[in-house]
Amino acid sequence: MVFKKVLLTGTSEESFTAAADDAIDRAEDTLDNVVWAEVVDQGVEIGAVEERTYQTEVQVAFELDGSQ
């Protein structure tokens, strides 16, 4: 089997977990054969915004077609 990894950043005004879910949900909606995800980094945007925005960087792996 051969896998490809992509790095995605999900965002949420609620929590880091919701931000990770945002990235994983998007990956599952747009990629086939998603197998696993790893949280790489987390951060909070606190600059010129009224509310904090949680960001979770997620590395998502999916199996390439015909890789068996």
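Glycine is no exception: its Cβ is also placed from the backbone N, Cα and C atoms.
Taken from Swiss-Prot, the feature riboflavin binding site applies to V35, W36, Q55, supported by experimental evidence. Under the heading site 'May contribute to ligand binding selectivity', Swiss-Prot lists E45.
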Distant-in-sequence Cβ neighbours of Q55 (riboflavin binding site), under 8 Å, six or more positions away:
T9, G10, T11, A19, Q42, G43, V44, E45
Packing count at V35 (riboflavin binding site) (other Cβ atoms within 10 Å of its Cβ):
10
Write out the long-range same-chain contacts of W36 (riboflavin binding site), meaning residues 6 or more apart in sequence whose Cβ is under 8 Å from its Cβ.
V60, A61
For W36 (riboflavin binding site), which DSSP three-state class applies?
strand
When a 10 Å sphere is centred on the Cβ of E45 (site 'May contribute to ligand binding selectivity'), how many other Cβ atoms does it contain?
13
